[in-house]
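Asker: As annotated by TrEMBL, compositional bias 'Low complexity' applies to 65-75, 919-929. Taken from TrEMBL, the feature compositional bias 'Polar residues' covers 901-916. Per TrEMBL, domain 'Amino acid permease N-terminal' is recorded for 129-182. TrEMBL lists 217-723 with the feature domain 'Amino acid permease/ SLC12A'. As annotated by TrEMBL, domain 'SLC12A transporter C-terminal' applies to 732-1149. Taken from TrEMBL, the feature region 'Disordered' applies to 1-80, 887-935. According to TrEMBL, the transmembrane segment annotation covers 218-238, 244-274, 295-315, 335-355, 362-383, 412-431, 443-464, 586-606, 612-630, 642-665.
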Amino acid sequence: MSAPSSLPPAQGENPAPENEGLAVDTGLKPAGPTPSSSRFQVDLVAEAAGAADKTLASGDKDAPAPEGSEPAAGGEEAKGRFRVVNFVDPSGASPPEAVPAEGFQNGDTVMSEGSLHSSTGGQHHYHYDTHTNTYYLRTFGHNTIDAVPNIDFYRQTAAPLGDKLIRPTLSELHDELDKEPFEDGFANGDELTPAEEAAAKEASEPKGAVKFGWIKGVLVRCMLNIWGVMLFIRMSWIVGQAGIVLSCVIVLMATVVTTITGLSTSAIATNGFVRGGGAYYLISRSLGPEFGGSIGLIFAFANAVAVAMYVVGFAETVVELLSVDCIMTDEINDIRIVGTITVILLLGISVAGMEWEAKAQIFLLVVLITAIFNYFIGSFIPLQSKESQGFFGYDSGIMMENMGPDFRGTESFFSVFAIFFPAATGILAGANISGDLSDPQLAIPRGTLLAILITGIVYLGVAISTGSCIVRDATGNDNDTRSTQIMANCTDAACKFGYDFSSCKSDDGLYNCRYGLQNDFQVMSIVSGFGPIITAGIFSATLSSALASLVSAPKVFQALCKDNIYPGLEMFAKGYGKNNEPLRGYILTFCIALAFILIAQLNIIAPIISNFFLASYALINFSVFHASLANSPGWRPSFKYYNMWVSLAGAVLCCVVMFVINWWAALMTNVIVMGLYIYVSYKKPDVNWGSSTQALTYHQALTHSLHLSSVEDHIKNFRPQCLVMTGYPNSRPALLHLVHAFTKNVGLMICGHVRTGSRRPNFKELSNDQTRYQRWLMKNETKAFYTPVFAEDIREGTQYLLQAAGLGRLRPNTLVIGFKNDWKDGDMMNVETYIQMIHDAFDYQYGAVVLRLKEGLDVSHISEQDDLLSSQEKTSGMKDVVVSIDMKDSDGDSSKPSSKATSVQNSPAIQKGQDSPHTHVPTHPLTPAHSHKSPQTLNVADQRLLDASQLFKRKQGKGTVDVWWLFDDGGLTLLIPYLLTNKKKWNDCKIRVFIGGKINRIDHDRRAMATLLSKFRIDFSDINVLGDINTKPKKENVTAFEEMIEPYRLKEDDMEQDTAEALKASEPWRITDNELELYRAKTNRQIRLNELLKEHSSTANLIVMSMPLARKGAVSSALYMSWLETLSKDLPPLLLVRGNHQSVLTFYS
């Protein structure tokens, strides 16, 4: 606990000169910072500057610089650099006597941007040292700790590109010098522990990790993934089915989808630093953990199964080549054997490290490009031996014949498109290893978009080329030449080359030839200059795609597990080696891939994988649209070539393509995504990534709040919006639970807290408390806002809240306070303040509600209450919360901040007469482990109080809510119990209504009230008309009342008038004889009502009663308090309610 600011300065500490604002310290200090030591004490640098001048004069310009520092390059060059001035050394070490000349510029030690070291030997500071050093700047020509902009101030804790510095806090720059600048312990409240600091420093040091540029890291991977096996064994068939024109349309459609997604990916990737995790990282940081967690899991799974797809494609090709004379068992088992061997080899390459994997990718790309060039070269070399198989070289006749579609069997444009589109996927191959890129913001946009362009051009070139030089059907028989007899009947493009392939079509319309675009998947091998190179290209395409997927899946899965979205998967977050390789993820991916390889039948699972990829693309596009729609200031991508509406169109296109490819797989994908989304939403992971969902929520809330303010209130839409004076929210649980019961999902609830005290207000602590207790409310599922204020006294603070709490129409209309049980024991001026709060509420046109429990409300002095903070909250930089025990404070004063749960640094007792900052009260943590009292040592009163505090949290059994609606206040007295009994915990309770009436009109009054309630559509079980309210109360109760008020009477008749007036002025709460006589009838009514309450409602679960009013200035606080005390004593939980006399109920539609 920091010492109060009023303590005298330590020995050797001199006052700060006004012109400098810095104190000079000439003495030694004990080890470690003392409570009174200030960071604003610096060693004089004048002697050092003088020493430097002497050194320069002597010509000694070659003195070595201290270790870890850099020499200044000159006066102008040194301007703007960081400089370090020695502060008071807590270890007591004296400053070095000799400093090299180059180390000084105008009396300061010059430090370069790349060499920020302490003055004690070159130790690199990871964070802003809040006790020994402050970075000074000479930019403005004088010493100042006000730092100029620096990128290191904006880094996260574990910044991989550099160290994080902490800029001087506002308190350091703004607070008065006699105020301890580090009352909170640290400069910004989030100081790292030594273990955390070491971990962060380890994470920030690359230690030789392999990082890729945009070509090797993104361009090569995307091209290899997009150029799949489709390029060689399906593209020609697509041209045969759809024709050249529609084939180009198919390629362009797929390219449009991938290009839009590429633009969206580029926009997200350039909106801040990108870590590892690829699609998962981009989506989760944009749309939040719900969508990110859903897509991350299925995207990682899709990549794992894609490994099996590509490996099986490779194995099928190998088995087909070996099927002539090398069958091992049968075709299926051969595929399994070859596939297993292949995936083991690929796993070995991946585990060997990213550098080996990158080298393998480069080799495969060279093979693939060679195969593509081999095809195009071969297409210009027509050979006589290939003509019977349908290849005649480029010819306009063949091109025109293949221009239109020729769909056969069940094929259609969309079915052919569905077959081709998976070939266009793979654009995220580079983004998936974003953590291994040297500059993801540059590499992802450049590499991805260039890969889409190059591969799109190649696909179009192959479509046009194959359609221009190969006929759709060919027999492969050299004898099928054209005869002169049927020359006139031959119309095919092959006819002019002397071939007649009309025999390919049988009389029943079926085709039975083996060659041509429509029939031979390996036709590109025939066209190529050297056929085996095409086979090598097929191997390269399949293996490279498999390798890329085998690397992508563990990387994405590792990032997902690091974020702990799904409990139980943390083991896969661990990385190994200098590149933080997810070896466990590799093994898991290998097992999944092997399982699907052993199935060897992927015709069903393949469309699901394509749909998984498309779902990722759709959400990436939607992320850009969503972020742009939210209009968040944090959405500032450096890549400008995107449009929110184009991104939305891309998202819609992706969804359409999903259903075009396979409608049932699309439905299954959506169900899985929504299921995972619901699960993550339910689990509510404790992460805050500044997602566009948060930004849009704010935008919508602001828009709706403004829209709401433009509409006048209507009676039908009235909601009780309560300002509840709870103090700290956990100090009066019963008050919190009861109000929450009837405001949850109905109206606004604000937990007001007035902080008072003699010391200077600590507004930073107030802000921290606001965050801390708001989290406590959320953790306890209480839909309320915590609003603390500093004020001179409780009434002033309440006035602040009554005037300023809320926003627009979302502001309170009802003040809720607890009954002041201890009013007779304390200072009566507190009673004056308490009653004036009620008067203020009515002045501001608020309704007023007072809750009384006979056991009391305030449990802050009991250590066994619920912990304020969860362990998770305590680890997020917050200090332990303690309760200051004030023995003089009662348990029922809801208007006093008697729950003094504050931070360790700021917890003075707020106690009557306790103004000295040197006086302390016993404190203990809220946690039971450090309690001074165990639960068994609670006295009976405290145990009852603790039990009563949970009364309204429990399910209420069958019983009644008795409504004593004695005065018409607009209907609030009736509305609150109606809302209460609609809640699940209270729905077993019936409403009984009690009203006043005349004895001779009881039936009439009952029927009139029943009619009114039925018009209000409020169910009730009984209506009781009380005809004996005005009966005189029992004499013993009147006597007890008079005894109670005796100490508070003025008794002006027994003293001089001047004396009486002076006493009344100094103690305005006193009851005058005239006042007592004037309100005798009203006093008797309160006594009589208490007798009736005990008679009729002693077993009720809750009593809701019209609160008696006292005219301001006419009824003293002591008399009004006595009325409330008499009316409500010795009863079940009682709610005194008085609306603002504006109608809150209506029977009109």
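FYI, residue positions are counted from 1 along the chain as it appears here.
Cβ coordinates are placed from backbone N, Cα and C, and glycine is handled just like the others.
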Asker: Taking residues 6+ outside the transmembrane segment (443-464), which of them lie with a CB under 8 Å of any CB in it?
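Answerer: Sequence-distant neighbours of the transmembrane segment (443-464): 212-215, 217-219, 221-223, 226-227, 231, 235-236, 238-239, 244, 247-248, 251-252, 255, 258-259, 262-263, 265-266, 269-270, 274, 372, 375-376, 423-424, 427-428, 430-431, 434, 437, 524, 639.
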Asker: Verify whether three or more Cβ pairs under 8 angstroms connect the transmembrane segment (362-383) with the transmembrane segment (218-238), leaving out any pair fewer than 6 apart in sequence.
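Answerer: They do touch: at least three Cβ pairs between the two stretches lie under 8 Å.
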Asker: Considering only Cβ pairs within less than 8 angstroms, which of the stretches 244-274, 295-315, 362-383, 412-431, 612-630 has the most against the transmembrane segment (335-355)?
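Answerer: Looking at each of 244-274, 295-315, 362-383, 412-431, 612-630 in turn, the most contacts to the transmembrane segment (335-355) are made by 295-315.
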Asker: Short question: most Cβ pairs under 8 Å with the transmembrane segment (295-315), which of 244-274, 412-431, 612-630?
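Answerer: Highest pair count goes to 612-630.
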Asker: Report, as numbers and ranges, every residue of the chain located at least six residues beyond the transmembrane segment (412-431) whose Cβ falls under 8 Å of a Cβ in that stretch; write 'none' if there are none.
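Answerer: Those are 217-219, 221-222, 224-226, 228, 230-231, 234-235, 238, 241-242, 246, 250-251, 253-255, 257-258, 261-262, 265, 269, 278-279, 282, 405, 437, 440, 443-444, 447-448, 451-452, 455, 459, 545, 548, 552, 606-607, 609-610, 613-614, 616-617, 657, 660-662, in sequence order.
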